[in-house]
Amino acid sequence: MGGKCPHRKVKKRRLSHKTDRRSKFLVKGDDAVYEELQKPDEEKKPLPLDQDLPGMGQFYCLHCDRYFSNVSVRDEHFKTKRHKKRVKQMMGPAPHTQLDADLAAGMGMPDNGPKLMSM
């Protein structure tokens with residue numbers, strides 16, 4: 001009696017639409033966001049108009065690297081737990097960079113010790 005309809009061809013999506021939409025816009029790494037936050041206010045320039053981004057690219061959260069459709073949505077985002085954790089993380093020590101990862105993997109500059117004799 002029960003079960004699936006035998007002629008139904010639609011398969012269930014494994015990933016949600018929301019995560020697919022989020023990955024549409026490139027997200028900066030933690031180290032790039034941290035560097036952006038460390039810049040003085042004089043170096044920061046106003047956001048240019050971009051029709052491809054939500055809200056023409058004018059409503060942006062620097063900590064989370066996300067664009068929003070309007071001011072009220074952005075202000076709601078500022079109250080979320082996710083944003084507050086991100087702000088706390090960015091106020092702490094600098095995140096790891098690619099150079100740190102290379103050095104930890106032994107791919108950095110070779111250390112052959114001091115030269116004893118030069119000829």
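Each residue, glycine too, has its Cβ placed from N, Cα and C.
Source: prediction; values computed, not measured.
Looking up the ranges 25-51, 79-105 in TrEMBL, the one annotated as region 'Disordered' turns out to be 79-105. Under 8 Å from some Cβ of the domain 'C2H2-type' (61-83) lie the Cβ atoms of residues 25, 27-28, 33, 36-37, 53-55, 90, all in the same chain and six or more residues away from its ends.
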